[in-house]
Amino acid sequence: MGVAVLSGVIDGLNARNSLGTSQQDSSHASGTSTPVDLSSSQAIMEAKECSLPSNFVCTVNRHESAKSLRKTMDALGDVGKQVKILQGKGVNAEAVRASDVVLLCAKPQMAHSILNEPGMQDALANKLVISILAGVTIAQISSWVPESTKVVRAMPNTPCKIREGMTVVSALPADWTFEKELILAIFRSIGRCRFLEEKHFDACTALCGSGPAFAVTVLEAMADGGVMMGLPRAEAVELAAQSMQGIARMVLETGVHPAALKDSVTTPGGCTIAGLLALEDGKVRSTMARTIQVATTHAAGLGQSKK
Ligand SMILES: NC(=O)C1=CN([C@@H]2O[C@H](COP(=O)(O)OP(=O)(O)OC[C@H]3O[C@@H](n4cnc5c(N)ncnc54)[C@H](OP(=O)(O)O)[C@@H]3O)[C@@H](O)[C@H]2O)C=CC1
Ligand SMILES: O=C(O)[C@@H]1CCC=N1
């Protein structure tokens, strides 16, 4: 089975898939993902057990991107070296023709023209298209491909690069059992994966797709506070990052409500409550919640123009 990745957006996604260990389906959200040695034979064995696709073709637009992606793939070892990277006129249709599964990863406004390139309609017949494009609906994509093409949406995030990603996939029809297994095999190999109705996708785009940018902004601000109080920058970043990772894992692994975890740190009359009150003065909760609201509304508008 082959996968065409129309643009190498999440660089390494495809080569890593072919080597990935299986992660949990977060419909039962426990456990964590662990980066694996990409060159280990154990990883290759596990990949085979998961029925992961074995042939990969990536397409990009610019020569420089093709070169840089080639370097990334080659650095992954033998499997990465087998990934084909194509660039130039007509390569998208060529890649789709050679594949069973298509990961659509270009900019939202490019989808329509890419899917209408010469030869593409024939190439897409009976294929599974997984689109990670923000804001572009299944109905839109379905109207641009042959009737026999199966279309799903996925919203991954940048931590996929270290197999700590969160990917939401649009709910599948009940009889798509093979597709479900395949999609889980692909996205569990780079983190958690869960299915949600497409109506939630703009919110998922904001929370999961954009979320890493929001979280790292808070992380940076915490580190800045440490620097202000005399901590060296590198240590301040480490302390902030590990504190955020630790408490996030506690939420996922214990299932305890975030407010209860906050209360458990908060000694009466102590420094945590002093800091929390300063946070509330800064309206941090409504600011964060509004951030997701604004990003969700913006996501809904992406890809609504074909230009
Ligand atoms: N960034 C993120 O964290 C996430 C992004 N997304 C979605 O992923 C998509 C890409 O986003 P992002 O990576 O940030 O954008 P980039 O601009 O970084 O990537 C766009 C990619 O599309 C390629 N491309 C452009 N034209 C073509 C073409 N005609 N055929 C094939 N490939 C082409 C580009 O190649 P070249 O470099 O050669 O121009 C580039 O690799 C968007 O739809 C976004 O909504 C979804 C989840 C998370
Ligand atoms: O900013 C964006 O539009 C994309 C979608 C989610 C993350 N990045």
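Backbone N, Cα and C atoms are what each Cβ position is placed from, and that goes for glycine too.
According to TrEMBL, the NADPH binding site annotation covers Asn92. Secondary structure at Asn92 (NADPH binding site), taken from DSSP and collapsed to helix, strand or coil, is helix.
Here TrEMBL flags 55-135 as domain 'Pyrroline-5-carboxylate reductase catalytic N-terminal'.
According to TrEMBL, the domain 'Pyrroline-5-carboxylate reductase dimerisation' annotation covers 198-300.
Summarising the annotation, TrEMBL assigns region 'Disordered' to 17-38.
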For Asn92 (NADPH binding site), write down the residues of its own chain that are at least 6 apart in sequence and whose Cβ falls under 8 Å from its Cβ; none is a fine answer.
Ala4, Leu6, Thr59, Ile114, Glu117, Met120
Do you know the mean pLDDT across the domain 'Pyrroline-5-carboxylate reductase catalytic N-terminal' (55-135)?
96
